[in-house]
Amino acid sequence: MPRISDRVTYIYVEHSKINRVDGSITVAESRGIVRIPASMIGILLLGPGTDISHRAMELLGDSGTSVAWVGEQGVRNYAHGRSLSHTSRFLELQAKLVSNTRSRLQVARKMYQMRFPEEDVSSLTMQQLRAKEGARIRKIYRKMSAEYGVDWNGRTYDPDDFEGGDPVNQALSAANVALYGLAYSAIAAMGLATGLGFVHTGHDLSFVYDIADLYKADITVPVAFEIASEYEEGDNVGKISRQKVRDKFIGGKLFATIVRDIQLLFGIKEEEQLNVEPLSLWDNREGNIKYGINYSNENED
């Protein structure tokens, strides 16, 4: 089982049947069957029309893969599975930090400090930090609009009418949802609570929004304006956005970055950081061998 940070970020599946063969899941759809090693997946997003077998879920649970049932285009999250981490120490630390006003403010300031690396925000109030962040985001939108030649009339988003937005807002929505899924995967895999946010509060995904906001300006916003600048009538903006942002995730190793940044935000020492060891079978001749494979002789009864 690879470390959390070494896994593929996410795989989105819809209108398919998912089963299990040895240590892999199989995804069957109209174009054929694809075999994917379960332990290499960070989070499996199950969209509409997806059937998954009990055996496949058993494998995904054993391998620590996060599973989320989502709506079309991934714009809604209905449910999720277990975490990769089987320890509660990070969850206990998160609860401790968020329950104390002073430590919560310290973590929130660290989050804003990541956005303003050349400035000292250690003495700013939450109100001042929010105002500073709002100005930064507006500036980024204006910059991207000018750079890509895309009209920008503000952020508009209706989760019940994805197609109703203009191309850049559609792309932002789809790209952000993919980013939320990735952040959600890392948070859940570490055994943390998605609802215990430091900046956001009152929602079951508050901490997901906290973490995702750290990376939007560098990833989803530029991707969205790039897609909008190349938009042609009939383009599936949601699909294109997911594909482009996925490439950004993989190329920039964002999953590993999120895992690292969360632990830095919480002040976890390097020697205490999460490291999931591989699960193997012991063999007195061959040493450790792969887990999850049937080693019986096919000719045996």
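Heads up, the Cβ atoms here are built off N, Cα and C, so glycines get one too.
Keep in mind the model is a prediction, meaning the values are calculated, not measured.
Around Asp213 (Mn(2+) binding site), taking its Cβ as the centre, 20 other Cβ atoms fall within 10 Å, counting all chains. DSSP gives Asp213 (Mn(2+) binding site) a coil state; it is part of no helix or strand. Swiss-Prot lists Glu133, His200, Asp213 with the feature Mn(2+) binding site.
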Three-class DSSP secondary structure - His200 (Mn(2+) binding site): coil
Additional residues around Mn(2+), ordered along the sequence, whose Cβ is within 8 Å of the centroid of Glu133, His200, Asp213: Met111, Val199, Tyr209, Asp210
